[in-house]
Amino acid sequence: MSSYFWAQNESNRPDLLCGQPADYLVEEKHFTTLVCFIVVLGGLLKMCLKNCEVIVLTILSLSGFVIGHMAYNSVEVHQIVYPLLRTSSFSLYSYFSPLIIFMVALDVEFYTLKKMFWQVLLTGLISFSTASIIIGYVVIKFNKDSWDLQSCLLFSITLGIIDPLRSVNSLKTIGISKIYIDLIRGESLIICSIASIFFGNFRGNRIHFSIFRDLHVGIELSYDILGSIIFGYWCAKIIQCILADVFSNMLTNIILCFSMVYMTFYIVEFLGMSGTLALAAVGLNLDSLTFKPKIELVITKFLRIFSSVYEHLIYAFFGIVIGCGELSHYEFHTIPFIFILFTTVNLVRLLTILLVSPILMHSNYEYNWRWGVVITWSGIKGVFNLLWAPDVYNLAERKVEVPQMFILYVQVISLLTMGINSYVMTQSARKLDLCVLSLPRQMILQNATQHIQEIVQNTITLFKTEKILTNVNWTLVEDKTRIEYIPFSHVSHNDMKTESTTDEALMEEARLHVAAIQMSSFEKQRNNGILEIEAARILIGAAKCYYSIQGKFMSIYDVSTYMRTRSWLIKFKNVLTFLEYCIEKIHFIPPESNTFLTFIFHIVFSEEFEYTGQIINLIYIYPMIIHLWPMARGLNVSALISINYYFMFLYVLESTLKIIILKRKYFQQCWNTLEFFILVIGIIDIFCVYFVKLRPDNLALIQLTVIMGYLRIIRFLPLFKIIVPILIRIADVQIKKRLSLMYSITKGYIKSQEDAKLLIKQIAVCESIYQKLCEILETNKQDAVKELVLMEHEGRDVVIALKTKQAIRNVIAKALKNLTFLCSRGIIDKHEVIEINKVLLKKLKALNNFPKAIPPPTPDIYLHNIIWLEGKDVLIDFFKERAKLACFDSGDTICKGGEMPQGIYLIISGMAILHSLSPTFGIESNQRCDRGSRDMFTEFCTTGDIIGELSCLLKREIEYTVICETSLQACFISLEDLYEGFDAFWPSLEYKIWLKLALSTAYQYFESSLIDEDLRFQNCVMFNQAYVETLSSYSDMIIDNMTMKFVIIVYGSVIDTKTEEPYFAPCIIPTTCEQVQGTSDLSKLLIIQASELTQRNSNTNVMASVNTVFEQPGKNINGRQKMS
């Protein structure tokens, strides 16, 4: 293949695609104009004839035919198209096919193809074999041209290829399941790869049918397939590494991506393998997570633009090639033969689907005869058939007189299948109700439409309050923005009336939406830097694998494949730890008079003694090689015997010295036992050699001696002691990597469950479905939380490293965001922004080498992590003097529900389980009549969690019971010490604890409403973005909606003084309420300031800091120190 690709033809005149050679001086400067003309014409036709691509390609083919016929009759036109005619067919294939193959493979869902790989592979093989045999037979039977057998076979292979670009384009716009689109595309990729391998072997080796019986053909095919896949896989890894660089910009990434595609194709072809298969492997191993969000969009657009332009050029070029032939060759029998071929192609496709239907029915519960009908019409031909058509003539054993007939048949058949098959396929899908939305899906769409209408109406209501919009005609606005129904082309209105739905169908549709929300959440977390790319890829892959399993909600146990790997690594490490040789000095006090024992003691427990033993084992390698080599052994028998005696003497000496000192403890170490066993085997070997000298005619004794000689290899086993520590370090690194990965996966899964829970109100079409979904999501979340807590207890150092790394990433991301803000306001010049951006990105890139484990801090350092202490040394020192270390064993009770609190516990290590009824929030049961039986819930507490804050603040009974799941250490601050701190730092300390509890309660219950608010504790303290108000019984508070964006009651209850409507914690008080009155002994309200006021405070601080930095940086720093 490589010789054909690079070498020139043996004759001085190159092979022509078609037409006559030029007998004049050729100038190629006008060919570029022809290419530009075709591109412009194709673009204009595509713009005028939207959704009529087959007509565009037909017009371009006819235009090319006209240009080719003009070239046949005119020297001037022939001079323009001659560069095309002298271009080899493989060159055209190399120019156009790589980008199209890459785009198609990139669009195929890898996880779907992986799950149905054997079904897709069998479908592709059966389709290729059936088409090659039947089409070849029809061509031999009905074609009147004198084609040889090899030409017929190559033509049948060419016509049997299914175009991966056109075969599914018409299905993507009518709502067909993505599974079947990937099935068809996967099949077409396999067929294209097989065809490229066949043509490559024909092109490179000029093989004939007789050679197919030889063994080397099978070896070459294996080399082509495996080599191409492996090369493509590693090229995909290289592209992933290139795109993962944080310093690379969009333009660089796009250029490198396109360059790597072509370079991969050319290198693989040069090595004699299949470039098509290699690029298919590259595209399948890249996914949406490989590219940054904006880059993926741009690359996809570029691929679509180039593939469309290439398609127009291919059809126009081959139209020119056909037109360059003599018209007298196009006889009447050409037309019937074309229709025979068209009918044969579709019948072959029908036979293929009949053969593979049992396989597809077994692999997919949705497959039935209706899908078979639609897939039957998916055998559409396109650009790949055309690109391989000229090779039928070039690789034929016997050259035919009219080579352009191969191209004519393929081009006409491809246009017919594009027009007829595409139309029949889409109409069949519609008539057979395969693209009609199910009733549950239609109900969800209707629910979503209503939700959008509510958002529109709420927006209009909000705009009506703005003074600048008072003179707007709101009636006209409401009329123009009213959404009565969103039309979908694949919605059946009759089914809405006739189809009956069940909870199972609604639940299944909701399950699919939950899976889609989860996958979207995983990708969003990856783009935001929360999830590592490997963790996101595993989660998305697992979600897609379980997506097609009816009734299956993915749990954390379904994605814990790496847990098994991790446990295997732990067991492997435990075995290595057991085998690790460590010298433990025994309590040995040698007698003062016995200097000999003292001398041996120092020898045995010295490092030099161990090194000497290892050196002896290494030196024995050479005599062992001589012993195993028969010729050398025969020449050095006596020398080998003497060396064996010498080494056995050293082994005896080593063991004797150890036994003298260690005595019975000698056999407690496994390596000592092994050495003693080697010593015994060696002594037996010596005796066997000695007895063979005495009885040289004893065959059994000779055989035993030979076996004992080979057993000398076990003398090298102690060398494994050197490798064991290295293997332990490698295993430890891998365990930490797996634990880190699994921790990231679990955190990402929990976040996806929370995201799904926020959106299930739009998914669920009835209350019962909503309750079931909430229950399933909460159960799965609790399971994941339990796994997360166990991992935190199991690998504290790894979890600390992960959390620290994530905190650094969040800080840098915030800095990049603020840098963009300063640049957009013109405060910093763009050049300065680039320099600062490089510094921040360098720090972000340095996180790739961040340690996998960080030792946990000491107990007193954990006080710095208490948020309401704010890291102030005065507060920390105050509580450090009074804090005590409390230790609990597994099963101990830290605190019990109904008891008075003793103080607060800050967990340092370990895990505890909190059992409680749903919290009362300070509301008596007689106050809240709508409160029925309180549900029981479980929460897991681990390192860094605080137990007992609220109970200590209120001095009321604890509402929960906390039991240690593992051994636990906690920093204990007694109730007396806590209130002593309240008195010493009044009132800020108690207020900050209430603020922290109020913020956590608000986020826990109203995260969807507060998602756009920046309610970090430090911001609330510094900028007063949110604050806590206290109401006692019968005390009032006025709500100013101009300054208060949200008023959330987080503890106790209040009533609206105007309507006397009660509000119980936790609850967001509506904006219609103007004044509230406390109805509990103690009520706490979290006030979130309006965005304008908050933004003003924030901007004032930011701009003040900016001005100060530019003007007086030193003064700013001193001022901060005074403030602190």
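Any Cβ shown, glycine's included, is placed from N, Cα and C.
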Can you tell which of Asn447, Asn1041 Swiss-Prot marks as N-linked glycosylation site? Asn447
The candidate from Asn9, Asn473 that Swiss-Prot records as N-linked glycosylation site is Asn473
Quick one: what's DSSP say for Pro901 (nucleoside 3',5'-cyclic phosphate binding site), helix, strand or coil? coil
Would you identify the secondary structure of Gln969 (nucleoside 3',5'-cyclic phosphate binding site) according to DSSP, in three states? strand
As a test: from 120-140, 254-274, 706-726, pick the stretch that has the greatest number of Cβ pairs under 8 Å with the transmembrane segment (179-199). 120-140
Cβ density check for Pro901 (nucleoside 3',5'-cyclic phosphate binding site), other Cβ within 10 Å (all protein chains) comes to 22
Can you tell me which of 120-140, 335-355, 612-632, 706-726 gets the most C-beta pairs within less than 8 Å of the transmembrane segment (372-392)? 335-355
Are the transmembrane segment (335-355) and the transmembrane segment (706-726) close enough that 3 or more Cβ pairs fall under 8 Å, when only pairs 6 or more apart in sequence count? no
Excluding the flanking five residues on each side, which residues at least 6 beyond the ends of the transmembrane segment (224-244) place their CB within less than 8 Å of a CB in that stretch? 193, 197, 200-201, 253, 256-257, 260, 264, 267-268, 271-275, 277-286, 290-292, 295, 533
For Ser918 (nucleoside 3',5'-cyclic phosphate binding site), the three-state DSSP class is coil
In all the protein chains shown, the tally of other Cβ atoms within 10 Å of the Cβ of Ile867 (nucleoside 3',5'-cyclic phosphate binding site) is 17
Looking only at the region 'Ion transport-like' (642-723), what are its DSSP counts of helix, strand and coil residues? 77 helix, 0 strand, 5 coil
